[in-house]
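Asker: Sending over a structure as structure tokens; questions will come in a sec.
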Amino acid sequence: MSHQQPPSYATEPNTMFVQADPSNFRNIVQKLTGAPPDISSSSFSAVSAAHQKLPLTPKKPAFKLHERRQSSKKMELKVNNITNPNDAFSHFHRGFLVSPVSHLDPFWARVSPHSAREEHHAQPDKEEQKAIAEKGFYFLPSPRSGSEPAPELLPLFPLRSPNGTNHRIHEDNHRDS
């Protein structure tokens with residue numbers, strides 16, 4: 001017969017194993033983590049001494065979602081108003097804010113050469129202004145050259161399959177039956 005020994009655990013000298021039921025677990029933890037108990041004092045005084053050692057700081061209020069929503073309503077956007085219109089780094093042009101790398105930026109306009117296409121769109125002619133006034137919109141010129149044929153538009157609901165007429169013939173056979 002072999003006698004098995006319980007497994008030995010390496011423990012520190014300050015480690016104490018305690019078995020407690022849930023009803024008095026809190027009291028035992030407070031006793032063990034508080035000041036060393038006096039032999040003459042009762043368990044109630046040890047618990048109250050542990051409570052007295054805790055710092056009396058105000059408890060932080062719990063985070064509430066509705067408070068975050070209310071604080072987001074109070075946010076404000078502050079736009080820098082530049083008073084000098086001749087400022088080369090001003091990002092304001094004709095009363096609206098443009099991108100710092102936009103061709104509408106006055107600084108960018110002096111540094112970057114304009115292409116013919118940009119100049120064409122910058123100043124619409126009288127015909128274009130008339131078309132805009134009549135129709136309410138205008139079309140930009142096509143980037144394609146005029147020598148190329150117009151692209152073929154495909155029907156939205158084709159009656160025949162693009163790979164042949166087999167599909168159409170198959171439908172006709174079903175109608176005859």
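Note that Cβ sites are derived from N, Cα and C of the backbone, with glycine treated the same way.
Since the structure is predicted, the reported quantities are computational estimates derived from the model, not experimental observations.
The motif 'VQ' annotation in Swiss-Prot covers 25-34. Among the features that Swiss-Prot reports, phosphoserine is placed at S43, S99, S115, S142, S145, S161. What Swiss-Prot lists as region 'Disordered' is 115-177. The compositional bias 'Basic and acidic residues' annotation in Swiss-Prot covers 115-133, 168-177.
Show me how these features fit into the shown structure, please.
Answerer: In the three-state DSSP scheme, S142 (phosphoserine) falls into the coil class. The Cβ of S142 (phosphoserine) has no same-chain neighbour under 8 Å that is 6 or more residues away in sequence.
The Cβ neighbour count for S145 (phosphoserine), using a 10 Å radius over every protein chain in view, is 6.
Other Cβ atoms within 10 Å of the Cβ of S161 (phosphoserine) number 11 in total over all chains.
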Asker: Whole-number Å distance between the CA of S145 (phosphoserine) and the CA of S161 (phosphoserine)?
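Answerer: Each residue's Cα considered, S145 (phosphoserine) and S161 (phosphoserine) end up 32 Å apart.
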Asker: Summarise the model's confidence over the motif 'VQ' (25-34) as a mean pLDDT value.
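Answerer: The answer is 82, the mean pLDDT of the model over that range.
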Asker: Would you list the DSSP helix, strand and coil counts for the residues of the motif 'VQ' (25-34)?
Answerer: 9 helix, 0 strand, 1 coil
